[in-house]
Number of protein chains: 4
Amino acid sequence: MHSFIHSVCALFLLFLLCQPAQAGDNPDADRQAVVLAAFGTTVPKALPGILNIRDRLQRQYPQTPVKIAFTSNIIRRIWQGRRGDAAFITANPSVPADVYTVQGPLATIANLQDQGYRTIIVQPGHISAGEEYLDLVAAIDGLNSIRTIKPKFRPFEKLAVGRPAMGTAGEQHPYSEDLALIARALADDAVQAEKANAALLYMAHGNTYMPSGSAYLEFASIMNRLYPQVKTYIALVEGYPSLDDTLPLLEHAGVSKLLLKPFMTVAGDHTVNDMAGDEPEAWKSILSAKGYEVMTVAKGLGEIDAFADVYLHHLQQTATDHGIVLH
Amino acid sequence: MHSFIHSVCALFLLFLLCQPAQAGDNPDADRQAVVLAAFGTTVPKALPGILNIRDRLQRQYPQTPVKIAFTSNIIRRIWQGRRGDAAFITANPSVPADVYTVQGPLATIANLQDQGYRTIIVQPGHISAGEEYLDLVAAIDGLNSIRTIKPKFRPFEKLAVGRPAMGTAGEQHPYSEDLALIARALADDAVQAEKANAALLYMAHGNTYMPSGSAYLEFASIMNRLYPQVKTYIALVEGYPSLDDTLPLLEHAGVSKLLLKPFMTVAGDHTVNDMAGDEPEAWKSILSAKGYEVMTVAKGLGEIDAFADVYLHHLQQTATDHGIVLH
Amino acid sequence: MHSFIHSVCALFLLFLLCQPAQAGDNPDADRQAVVLAAFGTTVPKALPGILNIRDRLQRQYPQTPVKIAFTSNIIRRIWQGRRGDAAFITANPSVPADVYTVQGPLATIANLQDQGYRTIIVQPGHISAGEEYLDLVAAIDGLNSIRTIKPKFRPFEKLAVGRPAMGTAGEQHPYSEDLALIARALADDAVQAEKANAALLYMAHGNTYMPSGSAYLEFASIMNRLYPQVKTYIALVEGYPSLDDTLPLLEHAGVSKLLLKPFMTVAGDHTVNDMAGDEPEAWKSILSAKGYEVMTVAKGLGEIDAFADVYLHHLQQTATDHGIVLH
Amino acid sequence: MHSFIHSVCALFLLFLLCQPAQAGDNPDADRQAVVLAAFGTTVPKALPGILNIRDRLQRQYPQTPVKIAFTSNIIRRIWQGRRGDAAFITANPSVPADVYTVQGPLATIANLQDQGYRTIIVQPGHISAGEEYLDLVAAIDGLNSIRTIKPKFRPFEKLAVGRPAMGTAGEQHPYSEDLALIARALADDAVQAEKANAALLYMAHGNTYMPSGSAYLEFASIMNRLYPQVKTYIALVEGYPSLDDTLPLLEHAGVSKLLLKPFMTVAGDHTVNDMAGDEPEAWKSILSAKGYEVMTVAKGLGEIDAFADVYLHHLQQTATDHGIVLH
């Protein structure tokens, strides 16, 4: 045990020496950073749903570090466990190093602050203003409530939070405009469904413990107005409207063929198992059993550049709202 | 540049592999930690003023990680700069690795939380309930104000803050009892002064922008009551009562010899330069010029076990107050 | 002017003398009160939608004052204006005195606190967890965040807030159970519609700036499951789903006759004008013009005892959750 | 009982009719108000210590209502009890009506807000930044933390708090400058003491549970610098330095005659009993027993115009700091 600690320590000192004295360079500069706070995923091949958004934000602001954070405790814990798992690391060369060390928003923000980044915008990578987003806002409100005797010692110059893809409550940026933005970004889905002569059915997440379906249903109604040639439906894994709530509508409308897609940034566990899995309770199985012809596309919304840029759009507005100029 | 990044990455992966999958072991356990949040010091040989407190807390609770945090931004930045300074590292083998990577309380707490420590007691290493302590409390209040939709997702199970050595406002633990505790812990100072036939003069820090002298003066009055054989005085680097305010008292009392000591946890920059330095504005110089015989002791209060244990005492009461059992 | 002031002062002293020295009687008792915080209405004959709820809460807890508060600034201002309007007061003998002096929740709570009521439950009289409810919670959170040096001087012993009729986010009291409770309380609506061989269409309020339709749609779906003999629809004055969004569904389902009712606690301005008015943009007019036979019932939900008792139910749970025993 | 209620109701309606429809006149105007939040006093003849400050603030800003609030629960309760006490009211014609109905800061602020005053400055009438002031700030911070979905519905446009006479922590308005301001305002005390060939001894309040003596001692040291012809001392009713702590200093300095004055805004209970009373534990008795010739002046600091204007000065700075223009 002692020799293990010793070798870790030696490695650590080596690591110390290799580190540039980053924040020491210009301690007075007001450093700016962006945190992309997504739910996260444990599925390596679903990571692009997050990383593509990160890359597009980073490309837009090359001088501003864009750090990812995962809001799910369970998912972070799994990645923490994989840090020491040589077999996993070797088998998944596409996983970037910062996924292994990813932290929650609180630690990510606090570490940036500790390095001298006192102006931080947290851009949620969430789809809707649901539980995860509200909890994220609560964390940021808590950090923003910190007052100090001398204003110059406040931990943050500006700590702002953007809004999820589907927007949030308030007059400044009506959520319905965000829904329209998404509907335009997903034009290809309508094209694809039309080509296949299919209705479009999205699987969104939802929440059993807070009414969340409204924005989804309103989004579907905008899709139907924008792309009347295709019937668009949306149902939730949790909460109302469920697939059960939606089946009568499909039947009533005489749908026979379905293009089934995840309405989630990443095509992770829900997509692989709950949507497109072979188990009888997977949506594909249920719909097939009902006689529908089902095509599934296991691609997270974040992998679609036009959708990823909805987050960029929101980030830019948040920066403007707070008088922050990102570079 | 690229090859440098490459080698850092390789090193990083190596580092990942060496790390135990710490928080993954037992994700459901409610882990407990202690953070000792001191102002910090840049003087390597003054570090024991903090590290001795840390070690004594750690010895008492061997199963609970006790992490240090430095509240001074400037001091942290200097240690960050030394991380990559091989000459410094080699020249100062006594500096433990966790001083090089020390963070502020916010990041230290957030990183512990991210690793699954959801019950954390922050024990201030400060002497008095001054600006630094109040700012620390503000940070912890901010973190404690975070509410989540589901209570189980609150970031902390319990996040508590202890009080500085000299106590804080409130009825539960009257600060005057803490002053008496300190006075008893510093019995040796009185013994030493008596042996030398000297008066005892402490240099405390103080603050120009908030009235802070009261607790110090009350402490001196307790010392005088407890050790009537020695005259004890205290003056502040910043604010009232200054050395200038105190000189008439020394003169009036017919003092001729002084035992001059820092009333600070660490014998850092203030002790080395402002108190015992050779510059004309150092207290030693001023007092010598006035004809006093001056003996200086450059030892931080934290290096005195009995004083360090005042923090242990406060930590234990804070744990009890919050229903936390440390191990 | 002076003589006017003089007479007001004389009246005031008379008033002082008539007042029982209420809080002086037993200053140490921890007094308890309930505040019913409704949006409010300016329509005198719609007041029973609020007053009936108040009366039923008061009857249940005769020893606890139940005060009404109106959250709408505009509505309060109108009632303030009517205080000096003798013609109005005489013409509306049914309006109780406490409506003329009604205040917002903040002042109502603060005045109770000032009179020695330090345990207060605020029961929202709102239908859904929309903007008004969230703003109310924000006010109460602000009051609850007040800490004092000595705990005994905290303004409130316990200040708790109940949930709106349709519930709120969280696991403790799933909102879907609240929806079911309402659906059962409105059994008579289904009976009435069935007798008339009509579909049931509720007009709810909604909000253009936050997605709110989901809980309403889920409620309608529960009604349809509970009372399958009647088709139940719900549409919003503001936001999705609007009447326009709902018309295709009515048409599709072959509805010809409608029982149109407000899904609001009071049958105020929206009911009188927007729902049942004669203007062409009133729902009744629109629906009639489309060929539907429309029956309107201008009765606020709060006037229905079974619905009013949903608030009593929520109040009781809130009391229990906070360890408060109301009498 | 019923007939009593009936007559109270009749009186109430009469009262309603007499009230101008104040806030209804111009609902959109952003009304401004000032609250003078003092500890309060139960002694009628001590009231001018508060009312004089109020009057001077009011005279400066004739268009802005200046309301008094008492922070002491016990004192408010006593005045509440006197409302119905005809004998007391008749016997004390100098007590203005608003003292009988005085409320705590929370209710006073909330009632102003309810009447449409959305820009409010709370000027503490306290001497020092002690417990009462910190609790007041906590209440205002709580109210200021209230956020609403639409910014226009935030309860306050601006809710600011001034500082006590002796200032507060922070760089913006160094408390030591406030101490100097007070010392200049109390020039007459020095003149009076000099004429009488006496030392000046102030009785201040202090607090057993938070170190508060420092600002008082620093104030005394400023007095001694400004008026070297008079020795000025200050001691506290509660906490360090007590009269006992101060007696040796008086003795040491060869003082024989004392001008004893309250260092409190009102010359209330502490002045009447603890300072100038005939009981053996009154300071006058103790000092007389020790052989000092004692002259007492039972006048609150607030009755001295120059001192009252320290609050006006602070109010003006607070207004400027918050971009508020008072009229």
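Numbers here mean position along the shown chain, with the first residue as 1.
Including glycine, each Cβ sits where the backbone N, Cα and C put it.
In TrEMBL, annotation is done automatically, which means it is predicted and not curated.
TrEMBL has this to say about the protein:
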SIGNAL    A:1-23  signal peptide
ACT_SITE  A:HIS205  active site, proton acceptor
BINDING   A:HIS205, A:GLU238, A:HIS270  Co(2+) binding site
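Location within the structure of each feature annotated in TrEMBL.
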residue: A:HIS205; record: active site, proton acceptor; DSSP (3 states): strand
residue: A:GLU238; record: Co(2+) binding site; DSSP (3 states): strand
residue: A:HIS270; record: Co(2+) binding site; DSSP (3 states): helix
Count of other CB atoms lying within 10 Å of the CB belonging to A:HIS205 (active site, proton acceptor):
22
In whole Å, how far is the residue listed as 'active site, proton acceptor' from A:HIS270 (Co(2+) binding site) when you measure between their Cα atoms?
8
Would you count the other CB atoms within 10 A of the CB of A:HIS270 (Co(2+) binding site), including those on all shown protein chains?
22
With an 8 Å cut-off on Cβ-Cβ distance and a minimum sequence separation of at least 6, pull the same-chain contacts of A:GLU238 (Co(2+) binding site), or say none.
A:HIS205, A:GLY206, A:ASN207, A:THR208
From the centroid of the CB atoms of A:HIS205, A:GLU238, A:HIS270, the recorded Co(2+) site, which same-chain residues not already listed sit within 8 A by their CB, in sequence order?
A:MET203, A:ALA204, A:GLY206, A:LEU236, A:VAL237, A:MET264, A:ASP274
